[in-house]
């Protein structure tokens with residue numbers, strides 16, 4: 001791995017780019033990045049082969065075939081890569097504080113109760129400072145997917161800003177907060 005990509009201390013926290021030992025910037029410069037990704041995939045398989053791993057430096061980080069294959073699949077698909085890059089930007093520490101801090105550049109924290117609900121479209125929404133009145137928009141199904149975490153990260157439809165929506169799932173029979181895998185606008 002190059003020194004710029006060895007920022008990960010373990011195979012569990014490595015990005016797909018680190019697994020394949022390539023950079024996003026390199027892929028962005030390619031008209032068709034598929035051959036480059038495939039070459040990186042084959043190199044990663046050879047570098048992390050079990051026969052070679054057993055004889056190498058124990059302090060080195062090695063990746064599994066599953067990690068390498070997942071990296072190939074995500075980075076080879078343009079739509080999956082765009083979604084992955086967006087998720088990386090949100091999860092990386094930025095600005096004055098990291099993931100555990102209260103401030104991240106381009107990410108605003110709000111409570112679900114502070115958002116408007118459109119009955120006709122059955123979605124929550126909020127305007128963005130870029131001017132779009134419905135720039136942050138999501139539905140009940142989006143909340144259900146992340147009900148265990150209690151937060152949903154939504155990107156603006158028109159710019160690069162993000163909204164982290166915090167919520168709690170309430171039991172229908174009680175007003176107490178209950179861990180649940182179902183969410184409804186009436187329960188929230």
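One-based numbering along the chain as shown.
Each Cβ is built from the backbone N, Cα and C atoms, and glycine gets one as well.
Per Swiss-Prot, the features are:
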type: DOMAIN; residues: 15-88; note: domain 'J'
type: DOMAIN; residues: 106-168; note: domain 'DPH-type MB'
type: BINDING; residues: 128, 130, 156, 159; note: Zn(2+) binding site
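Mapped onto three states, the DSSP output places residue 128 (Zn(2+) binding site) in coil. Sitting within 8 Å of the Cβ centre of 128, 130, 156, 159, and not among those site residues for Zn(2+), are the Cβ atoms of 129, 131, 132, 135, 157, 158, 160, 161. If you count neighbouring Cβ atoms within 10 Å for each of the binding-site residues 156, 159, the highest count belongs to 156. In this structure, the binding-site residues 128, 130 were compared by how many other Cβ atoms lie within 10 Å of their Cβ, and the smallest count belongs to 130.
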